[in-house]
Amino acid sequence: MTTRTIDNIRNFSIVAHIDHGKSTLADRLIQTTGTVALRDMSEQMLDSMDIEKERGITIKAQTVRLEYRAEDGKDYILNLMDTPGHVDFAYEVSRSLAACEGSLLVVDASQGVEAQTLANVYQALDANHEIVPVLNKVDLPAAEPDRVKEQIEEVIGLDASEAVPISAKTGLNIEAVLEAIVKRLPAPKGDREAPLKALLVDSWYDVYLGVVVLVRIIDGVLKKGMTIRMMGADAAYGVDRIGVFRPKMADIGELGPGEVGFFTGSIKEVADTRVGDTITEDKRQTTQMLAGFKEVQAVVFCGLFPVDAADFESLRGAMGKLRLNDASFSYEMETSAALGFGFRCGFLGLLHLEIIQERLEREFNLDLISTAPSVVYRLLMRDGELKELHNPADMPDPMKIETVEEPWIRATILTPDEYLGGVLKLCQDRRGIQIDLNYVGKRAMVVYDLPLNEVVFDFYDRLKSISKGYASFDYHVSDYREGDLVKMSILVNAEPVDALSMLVHRTRAESRGRAMCEKLKDLIPRHLFQIPVQAAIGGKIIARETIRALSKDVTAKCYGGDISRKRKLLDKQKEGKKRMRQFGRVEIPQEAFIAALKMDD
């Protein structure tokens, strides 16, 4: 490709809230530009995992190269970067945006602007993108394009007078979107003669090709046979294959400035290719590195254990394979007295946790139990040491701790007016601090600071049920704050169960402990001796329930006769039960763990 045609390249991404029709629009663009023959088209072309299609969400960012002849008679190359919409995958969004110059903002004309639309738009604005608003689903009877245009102008502050009204489902007005991309989005800039400088956008593992690296060329040219250097990881590799995606891989000779494509080489591990790294030619290196991405930090941790201990090795292998494709997922070995061997895993959020667990169960046929999700706490010890606590069971002696800090989030909630009271009460109950409350048309936009610990359990489910599914929620971790947090242990028959221990705020410890004990009382089967179920903070018991003993009638075989005979048998039974209570083991069934962790308040 010559320098002349860098003006005919457009790199763009599509940002939208879940279900506003982003993947469907991508399908239509692919179809309209004739990139894929009609007989090969399928729904959600760019969502390659089954789980993405089933849940209707995009998890991994994908790219596709479209070739389009515009009304001005010129041929354009459009590189579409499909991005996920969900907050857990915000880092996938940020790296797709960094490789583009513009974005299409897709808003559902019947739903209007949602919380995650906002979050992603702000990311696009941070990346200095030109943004073209697109109103989707205008063919629905409930569509109100004019109201939504006003909303876009009010909430986001974008000029929506030239928003393109489309229906991605029926294919209405898709040509207008392509024209808007060509006319309104800027062309990339780059110098073909300069040393190679490229941004590593993504990498994944392919069984046949090894590690495949997705790059956006800024300056210079990437050719076959070249030796390249990753500047951040400081490693050099040979380039075997270069190509682009027309959803399927297609080989080409070279990638020039402004282009997006992939290469494969002698790279063994995905971990060697850090997203956001700068790639340059080994012989002729560029002097300055690109501003990379932030390292992704795991926010939520939980233990994953195989139901059958024999599956431990398969679980280890499965995790290694998933780690190849998802560098944001981290894990380390841990053992639990109650659950045996397993792993402590770190995730970006709750959806990420669910998806990893579902992929492990589905793609590798494993049966898993997960322990209660927890967040990372910071402990300042009396001797001045700073510790990070990932697992509540490892909490050191409270006497040695000076302060405990927990992560807080800044949450933006958009909800219809009539559910506002319930939403505010929910946030208040979760120790929230109200920051802001605005009205956008008939909807309230509430901004709250909340402790992440309170959100991790079931905040999202509760929010959806309070608002009948209409409220949308988006958050980012803002900072760490000191809190009066205590470790609550659950004791069954005076034995602590490590998998059920958690850190809670002192004010909520009692209600949480009581609820947990009541739940376990119903779930643990009765034994021949009485079992106390207790919640404790340190040595102090804060809640207790008792599982009654099954009683065996030992005097059944005595007909009448002397009372002392019966008493002797009853005393003998009492003796036995006492001994049993001392040495008897209480089996806690699997369901009890799972149900106890899904606890409602």
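Cβ coordinates are placed from backbone N, Cα and C, and glycine is handled just like the others.
Some features that Swiss-Prot has for this protein:
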| type | residues | note |
| --- | --- | --- |
| DOMAIN | 7-189 | domain 'tr-type G' |
| BINDING | Asp19, His20, Gly21, Lys22, Ser23, Thr24, Asn136, Lys137, Val138, Asp139 | GTP binding site |
Can you tell which of Ser23, Asn136 has the least company, meaning the fewest other C-beta atoms within 10 angstroms of its C-beta, among these binding-site residues?
Ser23
Cβ atoms within 10 Å, counted per site: which of Asp19, Gly21, Val138 has the most, among these binding-site residues?
Gly21
Any idea what the model's mean pLDDT is for the domain 'tr-type G' (7-189)?
76
Across the record's GTP-binding residues Asp19, His20, Gly21, Lys22, Ser23, Thr24, Asn136, Lys137, Val138, Asp139, the largest CA-CA distance in angstrom?
18
